[in-house]
Amino acid sequence: MESERASACRLLFCLLIAAAVLRPGLGWYTVNSAYGDTIIMPCRLDVPQNLMFGKWKYEKPDGSPVFIAFRSSTKKSVQYDDVPEYKDRLSLSENYTLSISNARISDEKRFVCMLVTEDNVFEAPTIVKVFKQPSKPEIVSKALFLETEQLKKLGDCISEDSYPDGNITWYRNGKVLHPLEGAVVIIFKKEMDPVTQLYTMTSTLEYKTSKADIQMPFTCSVTYYGPSGQKTVYSDQAVFDIYYPTEQVTIQVLPPKNAIKEGDNITLKCLGNGNPPPEEFLFYLPGQPEGIRSSNTYTLTDVRRNATGDYKCSLIDKKSMIASTTITVHYLDLSLNPSGEVTRQIGDALPVSCTISASRNATVVWMKDNIRLRSSPSFSSLHYQDAGNYVCETALQEVEGLKKRESLTLIVEGKPQIKMTKKTDPSGLSKTIICHVEGFPKPAIQWTITGSGSVINQTEESPYINGRYYSKIIISPEENVTLTCTAENQLERTVNSLNVSANENREKVNDQAKLIVGIVVGLLLAALVAGVVYWLYMKKSKTASKHVNKDLGNIEENKKLEENNHKTEA
């Protein structure tokens, strides 16, 4: 009986299925899912009261059904059909919602929910769409450089693992590049992985560049469809090295200086404005028609004034493209006449000249013993104070470090010249004798007393300034003497004498002594007379004082008697 009932049920189910296929159902319903997510498909049918069971199926491309899940309304049990691609991926809920985990591209099918009663079959179809976001586009196989006016492959823009396939767009500085014959060529291709069914898109850009593309960024993007609609992902920017020919040549002088002087080293540097810049040039020196082949620099060492002139450089393969510069090598010559150590005699004339030869106007400064002079020295008659160290210094203010100087050490010699003077002290007791000496080298002074030949060592000397100084002695002669002053240097020995008289001094001293003695004797006699007078006076004063005392005593006695009488009467 049970087997017959089961056979009858299966026959009924098949008839109902056939009827359902022939009978139109609900409209189309689409479920969008991201690759790898879980696909959730509601049944979209109201569960009837007399429901026997529910089933899910999908349809093959030829329309034949493949059942994948079954759920009984009475036993509440779920059975999954043995379909390899959905093993362990299906889940059927009590409300007959079907979930498929780990969505794949192959899950893009027409699924149908079927609810079966004893007398009817209800169906609700669902279309599943699976989307896979492609990888971020990347510019690969980039050109190492681009050359102007040449159509050259710039690179490939590639985006992988997309479903469905996307579209690639190129940009220059943010603006879309469209194909342009002879200037922009875009080649697009896509490939599908037979296992994953994911697409890889590749777009190749060939581009004719110009100098306007220097530092310009190039990017690409992929536009694709996802569960929520169309989206676009952009690549990182790529900047390309643009090669272009040299259009201009320039020449520089290194190191850069305001002015070049003799003895400097000069480096000429030639530059071309192309990319890459030229590595070799021809350098043309003044007076040399043939160029010297060198790298982009050429050095001249220890240049002289004859190196002044025009310097040029050009491309090796294009000599007409040339650049030039003018170099002036500054110089400064100084000639001092006479110079070094010069010795002249006092009173001589000495012409001095400092001659300057320079590439520009130079300043001249004279110094004497490190003190600046207001004008250049001129000696028509030399004096001792003219001696010293003279320096003539010149410089070019515009040229750093260009200075010259010469020195003259002037020595003014002279034989000793002597002049003697004397001065008497106001008291008349001493005399100051001064020996004024002039000469160079410094003369040595010696004092002697003529006749005795005695040397006087107790002298006082002044400082030696400008070839002059003096020696001074102070004497009080008791008799007439002759003093001799001797001045001697390497040139000559000079002697001068001066008579010093002692008569006036001695008479004055005797007169003063007599006067003093007379004063002293007079004072002694006056003191003696005063003593005798005083003695006589004192003797006479004592006798008189006795008589006076006696009279005074009698008067006192009379006064006392009168007082006693008055008292008695009373």
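Including glycine, each Cβ sits where the backbone N, Cα and C put it.
The domain 'Ig-like' annotation in TrEMBL covers 125-234, 245-328, 347-409, 416-501. Feature annotation from TrEMBL assigns signal peptide to 1-27. Marked as transmembrane segment by TrEMBL: 515-537.
Mean model confidence for the domain 'Ig-like' (125-234) is a pLDDT of 96.
Each residue in the domain 'Ig-like' (416-501) gets a DSSP state, and the totals come to 0 helix, 54 strand, 32 coil.
For the domain 'Ig-like' (125-234), the DSSP-based tally of helix, strand and coil residues reads 3 helix, 70 strand, 37 coil.
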